[in-house]
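A short write-up of the structure that comes next.
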Amino acid sequence: MAPPPALRLCVALLAVLLLPAAAAQQQQQEAAGECQQYTNRSCEECLKNVTCLWCASSRRCVPYPVRRILPPADLCELRSARWGVCWVNFEALIIAMSVVGGMILIMLLVCCCCCCKKKSKKQVSGPDKEDERAARERERRRVRQEERRAEMKSRHDEIRRKYGLFKEENPYAKFEN
């Protein structure tokens, strides 16, 4: 008799959830073994393996605690911990990143304040140079269009006179002679 589908699904879920955890634990144990062999050697040799952390005070090479961001104090104190490169300790890295992050935040705040001040000045001071230039351009176009309109009217009037279609002020003036 075959097991019910719900049971098969539960077994599959357990396998999917437990296998990665077991694999990670096995990988961490392997990394611990690999890192332990570099204890009492040099920092450069230890840090060739990216999963290792060098503790300068105790000259130990230990696997980096990936579940935590910073290594715990019982593993290695921050000023002695090295990871990635030997010349930067975690304490200096934290201080440097804090200073850089603070400077970036201050620069963003200054930029925001400057932008807000500029915007408020524009609204208070009235039309700016662009608005004035646009108004002058509109006025020039209007004047040119009026000139063209007057020129076209005079041409049309000439043509009307030439062919006798011009409306005179006194329509009976033709019959007076």
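Backbone N, Cα and C define each Cβ position, glycine as well.
Among the features that TrEMBL reports, compositional bias 'Basic and acidic residues' is placed at 127-156.
Residues or ranges marked as domain 'PSI' in TrEMBL: 34-87.
Under the heading signal peptide, TrEMBL lists 1-24.
Only residues 6 or more beyond the boundaries of the transmembrane segment (92-116), in the same chain, are considered here, and those with a CB under 8 A from a CB of the stretch are 70, 78. The transmembrane segment annotation in TrEMBL covers 92-116.
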Exercise. In the compositional bias 'Basic and acidic residues' (127-156), how many residues does DSSP put in helix, strand and coil?
Worked result: 28 helix, 0 strand, 2 coil
